[in-house]
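Colleague: Sharing a structure here in structure tokens format.
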Amino acid sequence: VEGNVASFMKDFGYVARASPDIAALAAFDSLVRDAVPAALKWSWGRSGIKYRHVVAAFLCETLSVLDRFGSTVFARESMRKFLLDLVVSMASHFAVYPIVAAITLRLANENLGLEGYWDLGFIALMALLILLVYTFMLGALYALRDNALKHDWALAVLLCFILILAVVTRLLYSPLALAAQQFQPQLLRKSEEEAAKQLDAPLATPGGLGEPGACRLADTSDTCSVDDEGTPKEVVPKVAVLLEGPRGVTAPRC
């Protein structure tokens, strides 16, 4: 497994091909600790979910606009009413529902550390808050739609309100493009620095190099010595193979 990880890091250019495996493992450790969380955060954006996934989730409800069209044709209602219904339905689908979903996920993320009655109280408060936000936005849309059937000024206000909802939706689901562009060079530099520190640091058990069985790189030769009461027992070509990875090593093997 360690050999495959080292080959992966070298083939993808995170470390030089001539680097020893220990440097590749140290760079991989940095990659997992820093790159994976940052990549996930960038991938899911500010809200924690893709905008297209939210839109697809509410698609079944939005198709009800076809029923409104059918009723408009059957009852021979004005086309203005159908167009307003269509505008409100699209605004709900592409703005109101995604805004509510983003707020719900953000509040749920804040609830992860709560327990007991605090958890239940927060869930109840979150549900009430989401209901109020949803009712306000949807109620405002339908109230403006009813007034827009009679007054042109209400139609202008309705379009402005929809524009505000669109801007809020864009802000909530905007990708972290700037962080993604700056991330990769920082990762490579950090991986190289940590790999260099890992190579320079002595390999030892938590007790230190002086304890029996401790493993270290010799200072003046390319050999790895095992100290046992001060007497070398084994000398092999230089390279220390880590039993538990580049961090938290408890028992290096020469």
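The backbone N, Cα and C atoms fix where each Cβ goes, glycine too.
Unlike curated records, TrEMBL annotations are generated automatically.
According to TrEMBL, the feature transmembrane segment maps to 82-108, 120-144, 153-173.
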Colleague: Mind checking which residues of the chain, 6+ beyond the ends of the transmembrane segment (82-108), have their Cβ under 8 Å from one of its Cβ atoms?
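Modeller: Beyond its ends, the transmembrane segment (82-108) has Cβ neighbours at 46-49, 51, 54-55, 57-59, 61-62, 64-65, 68-69, 72, 126, 129-130, 133-134, 137-138, 141-142, 145, 148-149, 155, 158, 162, 165-166, 168-169, 172-173.
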Colleague: Where else in the chain does the transmembrane segment (153-173) make close Cβ contacts, counting only residues six or more beyond its ends and a cut-off under 8 Å?
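Modeller: Contacts with the transmembrane segment (153-173): 45-47, 50-51, 84, 87, 91, 94-96, 98-99, 102, 137, 140-141, 144-145, 147.
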